[in-house]
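If you check TrEMBL, you get these features:
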ACT_SITE  Cys271  active site, nucleophile
BINDING   7-12, Asp32, Arg37, 85-89, 126-127, Glu160, 271-274, Arg341  NAD(+) binding site
BINDING   156-160, 215-219, Arg255, 262-268, 333-334, Arg438  substrate binding site
DOMAIN    327-443  domain 'UDP-glucose/GDP-mannose dehydrogenase C-terminal'
Amino acid sequence: MKICCIGAGYVGGPTMAMIAHKCDDIQVTVVDINEKRIAAWNSDELPIFEPGLDDVVKHARGKNLFFTTEVDKGIREADIIFISVNTPTKTYGVGAGKAADLKYIELCARRIAEVAEDDKIVVEKSTLPVRTAESIRRILEGAGKSIKFQVLSNPEFLAEGTAVEDLEAPDRVLIGGEDSEAGDKAVQALVDVYAHWVPRERILTTNVWSSELSKLTANAFLAQRISSINAISELCEATGADVDQVAHAIGTDSRVGPKFLKSSVGFGGSCFQKDILNLVYLCEHFGLPEVAAYWEQVVHMNDHQKERFVKRIVRTLFNTVSGKKIAVLGFAFKKDTNDTRESPAIYVCRDLLREHAQVAIYDPKVNEESVLRDLEEVGTFEPDNGKRKHVSVYQDPYEAVKDAHAVVILTEWDEFRELDYQRIFDTMLKPAFIFDGRNILDLKELRKIGFEASGIGKP
Ligand SMILES: NC(=O)C1=CN([C@@H]2O[C@H](COP(=O)(O)OP(=O)(O)OC[C@H]3O[C@@H](n4cnc5c(N)ncnc54)[C@H](O)[C@@H]3O)[C@@H](O)[C@H]2O)C=CC1
Ligand SMILES: O=C(O)[C@H]1O[C@H](OP(=O)(O)OP(=O)(O)OC[C@H]2O[C@@H](n3ccc(=O)[nH]c3=O)[C@H](O)[C@@H]2O)[C@H](O)[C@@H](O)[C@@H]1O
C-alpha cells in the first residue's frame, strides 16, 4: 500500500508521520510545492514545533516516510491520495471574507486527474465546505480517463500543541464515503489504515456530506463554548463574579463538561474563525439567514473580546498608552506551538500600536521574523517610509519587561507561570500594571508584590 499526501503543513506533516510510524507496511510520501518546507521536514529542524513530533518523524523518515517536492511522482505511485492543503478564507471576489478559498484544492484535484494512471482513492483531509467532494469527483472524472476515483472525506481533529497525542489516541476518526459498493470498499481501505492503531469502535463511518459538515460543526461548537464563556467574563467583570469559578461550577455538570471553558483574550488559530465563517457563508448560500447569524455571533463575540481587552489596558493606564512601553508575553495563538495564525496577540499588538504604544514582545517559540510579518500584514508599518512602528522583539522575558509600564500575558506558556515576578516588578515603571489575558497568574500574589493586576472576568 502506498499513500501520498499533498500538503506538508501542520496537518499533512504530523498526520502522515503518525500513519508511517504506526504502519510499517505502508509507504507514506508527503509532497509539497514549498521547497523550503520540504527541506525542513528532511532536516533536524522541522518546520513546525509540536511536542513529541521529532521522535515520530525520526522513527519513520527514510524508512517508510518521505518528504519530497516531486508531486506528480507521489500522485502516480499512490493508492490513496490525501489532500491536506490550506483552505483559507477567501480575500477577493464572491464570498470574500467568509467563503473558503478552494483554489488549492481544485489545483490538487486537477493535478491528480492529469497524472493518475490507475484507480485512486482521494481523501479530503483539509477542512472543506460540505459538498466539496462532489466538485472534486467531477474534476477527477472530467479528465475522461478510464480509471476510477473514489472521493472520501476524512477530516482531521488534531489540535496544535497536542497534535502527537491527538493523533496517537484520537477521540474518533471520521470517514465519509459514497453510499455504493465501490464507496464502501474505499472506506474500508482507509478504515484498515487507521485500524493499525485506533480501536475499531473509534473509527466512525458516515456518508460524505455528514463527514464534511461534522468537521465545520465540531469547530463551530468548540469556538462557541469559548465565546460563550468569554461573554460571561464581561458580565463577571461588571458584577464581581469570577469567571473561572463560574466555569468550574457549570463544567462539573456532566452534561456541560469541563473542557473548553477557559476564558481568554479570545480564541485564535488558523481554523476556528475561518471554519465558522465558512459555515456562515454556506448557510447564507442555502438561504438560512437566521442560522448564519447565530453562528456569526461567535466570531463577533471573539472580536469584541480582543477589542475590549485593549480598551481596558488603555483605560487603566490613565487613558493613554502613547509612548509607553508595553511588554507583551506570548505571541503564539496558544502554548506549545510556534503557530501565530490569527493569534489574538496580533490584534492586541495592532491596537496598542494604533494607540502609539511601544510594544516589546517575547515568545519562547515565535521568532522575530514571524512577529514582524504578522504585524506588517495587519497594517502596522509606517505608510510613508515603510519603517516599522515601535515594535521590538526580545529573546529574554526580563529584557522585554524592563522599564515597561505594563505587562500583558497573551499566550498561556507554562514558563510565564514560573517567572520571577518580584524581579519583574522591580525593573518596571510604577505603578506597575499586569494584564493577564489567559488567567494563568495568581492575581492575589501579584498584588502582594505591588502590581496593579487584572485578569479576564476577574473581580
Ligand atoms: N492547523 C491545524 O491544526 C488543522 C488544520 N486543518 C485543516 O487542514 C488543512 C491544512 O491546514 P494546515 O496544515 O494548517 O495548512 P498549512 O498552510 O500549514 O499547509 C498547507 C500546505 O499545502 C501546500 N500546498 C498548497 N497548495 C499545494 C499544491 N497545489 N500542491 C502541493 N502542495 C500545496 C502548501 O505549500 C502548504 O505547505 C486546512 O484545510 C485546515 O483547515 C484541520 C485540522 C487541524
Ligand atoms: O480544525 C482545526 O484546525 C483544529 O482547531 C482546533 O485546534 P487548535 O486551533 O489547534 O487549538 P485549540 O486548542 O482548539 O485552541 C484554539 C484557540 O482557542 C483558545 N482556547 C481554547 C480553549 C479554551 O478553553 N479557551 C480558549 O481561549 C486557544 O488558546 C486558542 O487560541 C480544534 O481544537 C481541533 O479539534 C481542530 O482540529
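Quick reminder: no glycine exception, Cβ is built from N, Cα and C everywhere.
No curator has checked TrEMBL annotations; they are predicted automatically.
Annotation for Gly7 (NAD(+) binding site): same-chain Cβ neighbours under 8 Å, separated by at least 6 residues, are Val30, Asp32, Phe82, Ile83, Ser84, Val85, Asn86, Tyr104, Cys108, Lys125, Ser126.
A Cβ distance below 6 Å to any atom of ligand 1 is met by none of the binding-site residues Thr89, Leu216, Asn219, Ser263, Gln273. Proximity of the binding-site residues (Gly7, Tyr10, Leu216) to ligand 2: a Cβ under 6 Å from the molecule is found for none of them. A C-beta separation below 8 Å, combined with a sequence spacing of at least six in one chain, links Asn219 (substrate binding site) to Thr127, Cys271, Phe272, Asp275, Ile276. A 10 Å cutoff on Cβ-Cβ distances gives Phe333 (substrate binding site) a total of 25 other Cβ atoms nearby, all chains included. Shown for the domain 'UDP-glucose/GDP-mannose dehydrogenase C-terminal' (327-443): DSSP residue counts in helix, strand and coil, namely 38 helix, 22 strand, 57 coil. Note on the domain 'UDP-glucose/GDP-mannose dehydrogenase C-terminal' (327-443): mean pLDDT across this stretch is 93. In three-state terms derived from DSSP, Asp32 (NAD(+) binding site) belongs to neither a helical nor a strand segment and is classed as coil. For Gly266 (substrate binding site), applying a Cβ distance below 8 Å and a minimum sequence separation of six or more within one chain yields Ile226, Asn230, Asn302, Asp303, Gln305, Lys306, Phe309, Pro344, Tyr347.
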